[in-house]
2 protein chains.
Amino acid sequence: MSEPLTLGVAGLGTVGMGLIQLLEAHAERLEKTLGRPIRVTGVSARSRGKARDALIGDAQWFDDPVALAQDPSNAVFVELIGGEEGPAKDAVEAALKAGKHVVTANKALLARHGTALARLAEAHGVALNFEAAVAGAIPVIKTLRETLVANGVRRVYGILNGTCNYILSEMTDEKRDFSEALREAQEKGYAEADPSFDIGGFDAAHKLALLTCLAFGTTVACDEIHVEGIETITRADIEAAAELGYCIKLLGVAVQSADGIEARVTPVLVNEESPLAEVSGVTNCVGIDADFVGNLLLVGPGAGGKPTASAVASDIVDIARGIVMPPFIRPTDRLAPIAPMNLTSHQGNYYIRLSVYDRPGAMAAITRRMSDENVSLESIVQRRPGAVHPGQPDEPPPGAAEAAVTVIILTHDTTEAAIRAVLQAIEKDGKVAEPPQMIRIEEL
Amino acid sequence: MSEPLTLGVAGLGTVGMGLIQLLEAHAERLEKTLGRPIRVTGVSARSRGKARDALIGDAQWFDDPVALAQDPSNAVFVELIGGEEGPAKDAVEAALKAGKHVVTANKALLARHGTALARLAEAHGVALNFEAAVAGAIPVIKTLRETLVANGVRRVYGILNGTCNYILSEMTDEKRDFSEALREAQEKGYAEADPSFDIGGFDAAHKLALLTCLAFGTTVACDEIHVEGIETITRADIEAAAELGYCIKLLGVAVQSADGIEARVTPVLVNEESPLAEVSGVTNCVGIDADFVGNLLLVGPGAGGKPTASAVASDIVDIARGIVMPPFIRPTDRLAPIAPMNLTSHQGNYYIRLSVYDRPGAMAAITRRMSDENVSLESIVQRRPGAVHPGQPDEPPPGAAEAAVTVIILTHDTTEAAIRAVLQAIEKDGKVAEPPQMIRIEEL
């Protein structure tokens, strides 16, 4: 039996404790499989009291994660601290510089500093593994790094944020308003007290940055991703989409187009016949469309202590087996920079919801604006709100808000530039009571 | 730049030609990624005429795959001949004995001789990779071998045969009879002229044998799998299932139970809300339920030249990267034999369709038989066939077949032993016009 593989684990939250549980529960299986045991020899966390002593056993305690990362008693440094700067970054850099393999679940760190850290790992001939950083337990990093190396990826996409997917699922299935669904997510621990990082789409953008890099051989460029959150999605949108045979998902999409790589995190309409429509609650999924493999879809838990710990453990197992490869598939000096891309060249179908003043000629003005930009309609539905009764005069009584009707439009294939021009013109015409809602339709 | 990795490719059907196309299309990408080119230096196929010379280039031709397998000009032998005995087996054995890595898509060969071949590979310290043997392009072998090593698998299941899934999808979506759907599958090239191997469930059983072994650390034991095909599924079953909120799929399932490992390939009823219900046509899927990871579902093309070639290429890439591990995760001497298991201890819910003679007391006799075995009913629906008019006498005219009505029963949780006893007793009572139909319900 060979020497044990020794780990230093920094960060003992739910994932860290889940990992320690996993290594204990499956110690025998791992030793049988790998021919060597895996042992946690050092730990570090924010406060010692929180580190449940019974589970940690005789691992050495470090107050400073950087000291743990540099300590020669462990061969692999496992970073579960989180955060794109500060102790997580310092400790990961220290470990790589000390010639240690690193396993991390830290998407923020990698989305911001991934290329530089990968360069450091390569310079020291060590692994920088991050399966847990994207879509939790779903083995998408391994699939892109290993399974699909001999494919040309056309598109990678996914439901990458469980908080948003939970909120949208609740709005759809339980007919809740956004704020109700958000409050419920917070109560269940699926959303933070300050939820803006999740619901604004930024967490999904971090993950998409890593997927984009792996799929298209580019450097990590988080800031080149177009990000829109789900805060503007209303129950009116959810219901109108459902009537048209769609559901609304926050989707990260990176696609190779003639103009370059288009990477975006936005709410989209997805056909309800698509397998993605069935991915509800905090479940994540990642789809890959590539030239030889065709369409792959991977579905699984996107978060949670045990599933995330499982992904961390799979990275450790690879190291135990001696598998070391460039973190982003190719050596960093062969990664291409990602060119900034303006989403105005995006092509597709669009969903538009307008709140139109109930005046003669309003619809004519709107449809004329669309035809001016060569945007053709697939369908247009006008709905009279409940408050407006038949026979009511066109002009509301003085002082009352003017009556408005909801108009739902689906367009045929067009460009984002055209849609934006149409919506700007419609707003300028003064025919709408509130800013138009526009949601892209994703063909899957 | 390092030395090229050299391949000998035996078998130049759609997969073999797909592989050669892939290696040409992505030569530059592979060389950039791996730091070395991959080159086909020798080929072999049934007849030279079929091997399109232009694509094969300057690779050496071998009439005998065994000679190709032994030839020192290639380091990796790629077996795409097929068949569980004969030239495929001879050539794979020869390659392993010559100390060469082997990549194969041959599920029949591995299901029958997998443990022995794995032992041979281990003895020579070489890889025996077979990602393409199960579920085509879906990276399930890698997921079980690498991602889930630190998990206790509870259940692995999948839609593993595209022919059956196509036929069942057509019967469901297009309301075709079994024979029509089969003929259509044959016309489209999804089914063989003699379809019995696919529709009898044997192809899926080969694949399940490999999944079972990887999931539970057992030796490969194809004959311990309980196999039922889809030949007995009628449109009446499909329609009755749909009315109850289910669809019918041919599913391979291996599950750890108190009595051992239960492995079966059978048609099952799957809730139409399950993501598996959306897997239609020739698409495959594999689900894994494990203690830390939770539920993973992988969906993708289960066959076809390009997707299968992609899986073969991913195995070759692993070898190019120097990754060699025991074919069935642990060394063969640590694999446990799989204990034969009688399905009579299976527990679950059942769907039963009876064709009951339209006589007084028939239903009472049937329900009494069920209560005798403690089988409780979730629902029971009797349907009067179109030909039977109200007011018709109970006894049909002499010479005519006696009138029968269709009875659909869903049971609560019970054992297979009880269900079999019930159905035997009902048949013996002479109350049914044809043998009962029984289909298990799989909770997913």
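Glycine is no exception: its Cβ is also placed from the backbone N, Cα and C atoms.
Here is what TrEMBL records for this protein:
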type	residues	note
ACT_SITE	A:Lys207	active site, proton donor
BINDING	A:Lys107	NADPH binding site
BINDING	A:Glu192	L-homoserine binding site
DOMAIN	A:351-440	domain 'ACT'
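Sequence features, as recorded in TrEMBL, placed on the structure.
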{"residue": "A:Lys107", "record": "NADPH binding site", "DSSP (3 states)": "helix"}
{"residue": "A:Glu192", "record": "L-homoserine binding site", "DSSP (3 states)": "coil"}
{"residue": "A:Lys207", "record": "active site, proton donor", "DSSP (3 states)": "helix"}
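Other Cβ atoms within 10 Å of the Cβ of the residue listed as 'NADPH binding site' number 26 in total over all chains.
On a Cα basis, A:Glu192 (L-homoserine binding site) lies 18 Å away from A:Lys207 (active site, proton donor). On its own chain, A:Glu192 (L-homoserine binding site) has A:Thr163, A:Gln186, A:Asp198 as residues at least 6 apart in sequence with a Cβ closer than 8 Å to its own Cβ.
Of all Cβ atoms in the shown protein chains, 26 besides its own fall within 10 Å of the Cβ of the residue listed as 'active site, proton donor'.
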